[in-house]
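J.: Dropping a structure here in structure tokens format, bear with me for questions.
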Amino acid sequence: MEKNKSTAIEIAESSKESKGKAPLLAAAVGHDRAAGYKRGVSIFDLFLRISAATAALAATIVMGTTEQTLPFFTQFFQFRAQYDDLPTFTFFVVGMAIVTGYLILSVPFSIVCIARPVAIGPRFLLIVGDTLKAVLATSAAGSSAAIVYLAHNGNSDANWLDICQQFNDFCQRVSGAVVAAFVAVVLLIFLIVLSAMALRKN
């Protein structure tokens, strides 16, 4: 009888210990799963960030090197079109250069988020910076898109002639730069959404 009682007591203690360890084990598994999810988001963030930087850099270089001179000229005039003839395109180059610089400098923060997926500080800085630069890129791309539209179609009410019939290469390059800028804007929006998803998991 004493042996049976002793055996019963040992089983009860073992059961009690396992009940105490079960919540801790479940919490650890949940923490690892959340960290793995955030690490996956951070890796995708890094890929999109590099892609956005590439698009913004391409837009800056293409617009900043856009120039066309027509093969005919007069004694007093030479027909040439450059991006800096229009203040809107100058703003585009400066704005997209700032966006490019920010995206390149933000890559180390994205890498930190991969190494430390549960860290909130770097992710919060990224979402603030991405939002500000998305606004800048949108304003640069949107204002330049309006000028490109006028260059292609003109405005008969204001007697603004379309110049793309004469400066075809110029218009193609500035149009390509604006398209690349909008690609960067879309990628920045995706980056903001990813950062919001990662912060929401906290």
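Every residue, even glycine, has its Cβ placed from backbone N, Cα and C.
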J.: Is GLY154 placed by Swiss-Prot on the same side of the membrane that GLN68 is on?
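T.: Same domain label for GLN68 and GLY154.
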J.: Ranking 43-63, 91-111, 131-151 by the number of C-beta pairs under 8 Å to the transmembrane segment (174-194), which range is first?
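T.: That would be 43-63.
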J.: So what's the mean pLDDT when you look at the topological domain 'Cytoplasmic' (195-202)?
T.: 78
J.: Using DSSP, tally how many residues of the topological domain 'Extracellular' (152-173) sit in helix, strand and coil.
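T.: In the topological domain 'Extracellular' (152-173), the DSSP-based counts are 8 helix, 2 strand, 12 coil.
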J.: If we skip the immediate neighbours and take only residues 6+ beyond the ends of the transmembrane segment (131-151), which ones have a Cβ under 8 Å from one of its Cβ atoms?
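T.: Residues 56, 59, 63, 86, 88-89, 91-92, 95-96, 98-99, 102-103, 160, 162-164, 167, 171, 174-175, 177-178, 181-182, 184-185, 188-189, 192.
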J.: In the same chain, which residue numbers or ranges, 6 or more beyond the ends of the transmembrane segment (91-111), come under 8 angstroms Cβ to Cβ?
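T.: Contacts of the transmembrane segment (91-111) (Cβ under 8 Å, skipping residues fewer than 6 from its ends): 42, 45-46, 49-50, 52-53, 56-57, 59-60, 63-64, 83, 122, 125-126, 129-130, 133, 136-137, 139-141, 143-144, 177-178, 181, 184, 188.
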